[in-house]
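The structure under discussion appears below in the form of structure tokens.
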Amino acid sequence: MGKQSFVYVRSKEYAWVPAIQTDTDGKKATVQIPAFKDEQSIDSDGCRGKKTEEKVDLKGYVGNVLPLQNVDGQGMLIEIPDMVELPYLHEAGILYNLKRRHRDGKPYTRTGDIVIAINPFQWFTEIYTDAVRTRYSNKLVWTDSGETDPRTFVDPHVYETSSLCYKGLAFYQTDQSILVSGESGAGKTETVKIAMNHMASVQRGPVEASSNPEEKFEDPVVNRVLQSNPLLETFGNAKTTRNDNSSRFGKYTQLQFDCLEIVPGNIDRTKSRCHLGGSKCEAYLLEKNRVTGHTEPERTYHVFYQILAAPDDQKASFWSGLKGSTFDSFKYVGATSTTKIEKRTDAEWFEGTCETLSLINLGGDKLIALMRAITAVLQCGNLAFGALGGDADKSECTSKDVLAGLSDILGVAEPELNLAFTERTMKTRNETYKVPLNAETAKNSCDAFAKEVYGKLFLWLVEGINEATKAENNYSRADGQDPGEFGIIGLLDIFGFESFVINRFEQLCINYANEKLQQKFTEDIFRSVQLEYEAEGIELAEITFDDNTDVLDLIEGRTGLCAMLNEECVRPKGSDEAFVQKALGANKKSPCLLVNNMDRMGFGIHHYAGKVMYSAQFFVERNQDTLPTDLEDAMMKSSNFIVAHKPAPAADAGKAPKRQKSNIVGSTIWAKYKTQLASLMGSLRKTQSRYIRCLKPNKAKVPVKMEHIGTVEQLRCAGVVAAVTISRSAFPNKLPNDTVRLRFSGFWDKAAYPAASSDLKDECFAMMTCALKEKAEGDKVAFAVGKTKTYFRSGALEYLEANRAAGLEVHCIPIQKITRGYVVRKKFAKMLNSAKEAERLAKEKAEAEARALADKAAAEKAARDAEFQKEIDKVASAGSEYTDKGKKSDEDTEAKIKECEERVVAAEKESAVLKEKTGEDAKALIMEPKKQKAAAETKLAANLKQVEVLRKENKKIKKEHDKIKKKYDEIKKNNKKLLKANEASGGSFEGENDDMMKVHEKNEKLLDDLEGAKDKNRDMKEACQDKQAEYMNTAESRLEFQKTMARILNLIQDNCKDRQLIEDTSAVAHGCESESKAIMAALEAEYGD
């Protein structure tokens, strides 16, 4: 290939990176990849800077071609608000378009009917003002745009989704829904709030925007809903590794509108006929397992920390046992390093929680009952159980004080609670009997009780919020008429697809919900593509795509994972491993099921977003959302009306598998969740759905930055890539017909491939037939020409772009000749005209200046002549008097001139003498300072040298003085000792002095011997350390050998049937173990710890 192309290549570190393709043979491509400073600097900017050349295998790329960049002629990225309009729509193109918009402060991008919202981690006030809200409302709702898509007049925004939902409900009487999804921290909850506020604003009708940018429109119904949101977050949100305020449940908020009937074909856009009346909320799949346990650094639900952070007097008003309690007082809570959530402490949040509960009529006795129910959950975590009378098959509560406290909170007698936790009532056809539980089972029953209580209080809270916000209780028409059935705009805020290092039961439930939503998403995208193809006149048979039916069959089919798990839950001694093996056996033909050969309790599913491996550990336990009748009865006896409340059974609860004649109450978690999900999907299918996909651009939660791999994974999980695959399944690329004719006319041989008519569509068809004849496969051409656009199959547009320059060389020289001639002629003409104009202006300027000078000279001459004549007349009238005076004046003047000349001569002589004398004096004065300066400098240098010498001598004298002083002090000290000794012994001073000198010599010899011993000791220490390191290496090798032998022995014992081989291997392993123990004992004896 001769022409270079701007492409993307895969990168393990950055997902996709821009490059320049210089050559390809269909199997491998030669590319030049630029070097970038960091991930944030990677951009489609023409691949400037230093580049490295690489060979890329095309086997893993669609159509064996590298995806092209959406760039201009200079290689600069073309940013497009609606990515459906991207000429090259693929994963890499989406990534870099989103990155550019995110960098430029544009958080919203459109992909057909999907709005992609990237969390900017900063607030852009200018795009959420009342003026902006009003502009979107007026453009999209209250202005009739005819057949033109009104979204072409505005930038992508959440406001467009909310406006179109209101429009669909108000003008077409169709219930609407907005599905908001994304991972934790992507901004789902905030997006729902923005959309909700705007829908309340739209219902005002066509209004003028406020001139005050600070003014905000507020609706009382929306305010009630928004005020209740923190309550749901308090009870349903928790800190996770990804987000400090992560929703651990799904929420479907239904805004209720009173819609007046509209006559078909007569839509009045001058006033609003659809008014917001209230709202209802439904909660899905609360993560109740978080109540009884969480891993660091995560937390359990916020409300537990809030109630424990409240003042002691307030805690005591709920239950006296809470006074003085802390996080560490309860095992379900425990210590936490997190002191604030969204810049507020737990104590500050609790104050707001109590205020909001009072606002929605859940204060007073209801508040106390709610807080006591929460306290009961906390108290359950501190209950401990042990063997009853030494019998391991029976148990009793060993924490009597904790049980007494729980009894006080619930209003249930201690013995009844103890028996409810430690016994199980069994029923047969003819009798009822008690079965004792061991300590472990009793503790599991206690945990199940705590989770059930928390689930009840959460649903009670949701019901209380609905009572305060639903239209049936809070809305009435001004005319007093019954509004009848309310129209619905639903907002679904639900957890996104999850895939962690270890995925458990909760991740399977969450991903199952996302598979159901993806199924509807796929249907809606297919419908939009179908409408586009029909509008363009393209055969619908061209659309092919893969749905996720196989995955849903694997999960919810008759022999699927859901059925197998429910069956294992009601089977006596059902286990996680048995569930996995049964599921694998029953679904071995499923293409979506992945077998984990290394783990008998592991399996995988190929979801729409990718492969996910699950660990089935605790699946059976966590799926059992059922209570023994003993615990259920204990709940019903509670004096707390929230705990004793029995919710109405679900409509389809009877369909869940139940164990016959059992004490099991209710159904499994999965059965309940499946029923809830079916109800949700039924509600959504009755609405026209719109989608907002929220993305979290980086884990650090900082503005501007975007991490490529994380963003691409979220695009896949959000179904955006799947939507692209569907919309471009047959024709991945498209261009407007006029662009096609202009861009690729060089390929068209009009004589060989004449157009059927002069119509643009026919010309494009003939042109593409000629240009892509080599890409045709039999009767299947590589393109399709619609009414306004031309669609290209995979690889076709890339082929055209790569070969567009071929054949253009012949036309280049004439084009260049004409262009260069035109440019030169234009430049010369401009220069010539400029010179003539400059000459004309200079001539005119010179003439003007000459005329001005002539006029000025004439005026001055006339003035002088007039003045001269005046003086002549004056002199003539004076007469002879002036003549005499003139003569005398002349004589005086001549005398003065002569006198002045004489004085000048004398002055010149005197000046010459002074000059000669002054020169000699000045020279002497000038030279004298220089001589003095040189002498001073010489003298200064000598003084400095002498000072330096004296300084050094002073230092030496000081050192000698210090030494002499030190010796003097020692001699003085010794002298005192000798004097005392002399006085005691009566000996002579000279003898003692001799002895002292001998002792001094002996001490010096001992010091020399000591230094030699130290050197030898240092050498021995180094040798000992080397031996110790060698010994430790040998010991570690022995220990590693022992561990390896242990693993070999375990493997042989599990898989080998040769007993002799097992015994021989065991003997070697035991020998190795004994030898290792001996080595370790020797090490401990020699070196201690």
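One is the number of the first residue shown, and numbering goes on along the chain from there.
In case you wondered, yes, glycine gets a Cβ from its N, Cα and C as well.
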Query = Taking 539-561, 677-699, 907-929 as the choices, which stretch does TrEMBL tie to region 'Actin-binding'?
reply = 677-699
Request  = Taking the Cβ of ALA186 (ATP binding site) as the centre, count every other Cβ atom within 10 Å, in any protein chain shown.
outcome  = 24
Ask   = For the recorded ATP site formed by GLY182, GLU183, SER184, GLY185, ALA186, GLY187, LYS188, THR189, which further same-chain residues have Cβ atoms within 8 Å of the site's Cβ center?
value = ASN119, ASN243, GLY496, CYS694, LYS696
Close in space, distant in sequence - GLY182 (ATP binding site), Cβ under 8 Å, 6 or more apart = ALA117, LYS188, GLY496, ARG693, CYS694, LEU695, LYS696, GLN714, ALA718
Query = Counting only residues 6+ away from its ends, which parts of the chain sit with a Cβ under 8 Å from the coiled coil (829-863)?
reply = none
Task = Would you mind checking how many other C-beta atoms are within 10 angstroms of the C-beta on GLY187 (ATP binding site)?
result = 21
Key: Other CB atoms, at most 10 A from the CB of SER184 (ATP binding site)   = 19
Ask   = Once the chains shown are all counted, how many other Cβ atoms turn up within 10 Å of the Cβ of GLU183 (ATP binding site)?
value = 22
Query = Near GLY185 (ATP binding site), which residues of its own chain have a C-beta under 8 A away, given they sit six or more steps off in sequence?
reply = ASN119, ARG242, ASN243, SER246, LYS696, LYS701
Inquiry  = Using Cβ atoms only, which residues of the same chain lie under 8 Å from THR189 (ATP binding site) while being at least 6 residues apart in sequence?
reply    = ASN229, GLU233, SER247, ASP493
Request  = Mind looking up the mean pLDDT for the coiled coil (829-863) in the predicted model?
outcome  = 87
Request  = Starting from the Cβ of LYS188 (ATP binding site), draw a 10 Å sphere and report how many other Cβ atoms land inside it.
outcome  = 26
